Amino acid sequence: MELVCPAGNLPALKKAVDEGADAVYFGFQNATNARQFIGLNFNDKRAREGVDYAQSRGCRVFCAINTYPQPSRWSEWTGAVDQAAALGVDALILADMGLLDYAAQTYPDLSRHLSVQGSATSRAALTFYQQQFGIKRAVLPRVLSIAQVEDLAKQSPVELEVFAFGSLCIMAEGRCYLSSYLTDESPNTRGACSPAKAVRWQETDAGLEARLNGVLIDRFLDGEKAGYPTLCKGRFAVGDETYHALEEPVSLSTLDLLPKLQAMGIAAVKIEGRQRSPAYVAQVTQVWRQAIDKARTSAADPAQLQRWAGQLSQLSEGSLTTLGAYHRKWK
Amino acid sequence: MKLSLGPLLYYWKKSEVEAFYEQVSQWPVEIVYLGETVCARRRELKLDDWASIANQLVQAGKQVVLSSQTLIESEGDLKQLMRLVDLAASQGWQVEANDQSALQLLSEAEVPFVSGPAVNIYNPRTLQRLVNLGLQRWCFPVELSRETLADMQQAIAAQGMQVETEVFAYGHLPLAWSSRCFTARYHDLPKDRCGFVCQQYQDGLLMRSQEAQDVFVLNGIQSLSGACCNLADQLPLMQQLQVDVVRLSPQAQSMAEVVSHFDQLRHGWTPLETTIPLHDQLDCNGYWFGRPGMEQVESGR
């Protein structure tokens, strides 16, 4: 089972490689990837250095070009595919059917992975992408239970990669337009969810307010930890209750499921977090490297599992982790 | 320019659904989308019930399209989809594909299909691929702007693609799908034993900010826009752009008046008021103008 780690910048990439990632994934500094943040991602020179660093140490490199190009800027996206191919990456992570088509026609020998943004949640959908665009692997959206993942793993025509750790997206990825409804930018259009340009913090008598393009997303009392105001993790009023109507600010962690995922034949586990620091990437990679190696040879002892879980929860939003949709009750 | 009535997104009682479509048969819409697109647990109407409504509408001269579920999660969902495709094939009805599972089954079965707004067709190359597989009409994704629509229409003409274009022009916008049911969550119920609480909310459950601003509408596993999209005053531009079909999404209140208003507009009537004075909801049209979707842009056409 491959450990796939995030590389938001060159220092993070190097940390992931040094700590034992089997593969790293990165994106370019534009709207072509689903994590467009200021000061993040790679220009051509940095990407070249990163690819060399990783590949010379036996670590594979994937390039995420997983937003949806619109006609007026189509060539930026094909340009990103060309650039990634020229860099000699090991695989492209794509979502858009048109771009998958372009990549398959232009670089038939370069592996194509279906991004989580491609929203394939059934064997029919996986077969569709495999037959039409020759994908080799698909990243599953975080909406399936572990039993559903198991069903898919038995029948999938392609390798499966699942999310292991990091921010929890609770909507079917690639089909969530909540962010653009409030701010005009979404993961699909600009590679941004709840973009920083729209965030305003304000101290008021009622507490610290977080606004997204003017809409009050959350209000924090003194001493309450205020996370990044992702709109689906805010507190809203439904009926006469005010609560986290969609989701609490928690992180996904599937450490407990690792042996099961391995037994199912899941090809890779993915760590989310290209927006996180190199130190974060180093720590998470280190824990998961150990956990995967241990799971390969023997059952981890409970004390050790607890230690790893403790280390990971230190790194989680609100210090809370969840199994998310993998766990039926979450739904 | 044709009018369509999109699939019913809410969970109404069977008698209410039947009464609604009985009225629809008298309305000036050419195309009616039928079926459950949101939640696999909503089985008040079985496939046979939808088929019988479809038959009545066909008798009334409507073109019917069976809509598929948007989020396919289990083998059970997939089997239900297969039954829907078989039924459509046997009756010669179209199917609205709302995810890639449906694209696969329909292209395999060589049943002509249309795509719903949650199938991400953002550029001509994607559209062309799907046209090659049997796509006959596509619904423009809700988050895109009129500029992108114009570019797409130009490409369709330039490449000679045989495909119709449909635009979502009225109703709360379907914005997201989750495996979690937010209505059950509000009631503190597990999704598996939700008690079908969705039926308590004919137009969904409003989620507001702590300042009482309507943000989203919760509809089971689906999230809709808090404001109601209304592009009535944009019909002349849509006509110029050769849009083939304008989609109206069913709401519990005033739908007959909404349909009639759009029908009059497409036949050249110029109302004194540009907004529909039929509902007391917040309007939005931001996406159309390349702005945040929730905004209401004073367009002056």
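Glycine is treated like the rest: Cβ placed from N, Cα and C.
If you look up TrEMBL, you'll see B:CYS39, B:CYS181, B:CYS194, B:CYS198 marked as [4Fe-4S] cluster binding site. In sequence order, B:CYS39, B:LYS191, B:CYS194, B:GLY220, B:ILE221 are the residues near B:CYS181 ([4Fe-4S] cluster binding site), counting only same-chain partners six or more apart with C-beta under 8 A.
Checking the binding-site residues B:CYS39, B:CYS181, B:CYS194, B:CYS198 against chain A with a Cβ-Cβ cut-off under 8 Å leaves B:CYS181, in sequence order. The binding-site residues B:CYS39, B:CYS194, B:CYS198 differ in how many other CB atoms lie within 10 Å of their CB, and the one with the most is B:CYS198. B:CYS39 ([4Fe-4S] cluster binding site) carries neither a helix nor a strand DSSP state and counts as coil.
The secondary structure of B:CYS194 ([4Fe-4S] cluster binding site), as reduced to three states from DSSP, is coil rather than helix or strand.
Taking the mean position of the Cβ atoms of B:CYS39, B:CYS181, B:CYS194, B:CYS198 as the [4Fe-4S] cluster site, the remaining same-chain residues with a Cβ inside 8 Å of that point are B:TYR11, B:ARG41, B:ARG42, B:THR183, B:ALA184, B:LYS191, B:PHE196, B:VAL197, B:GLY220, B:ILE221.
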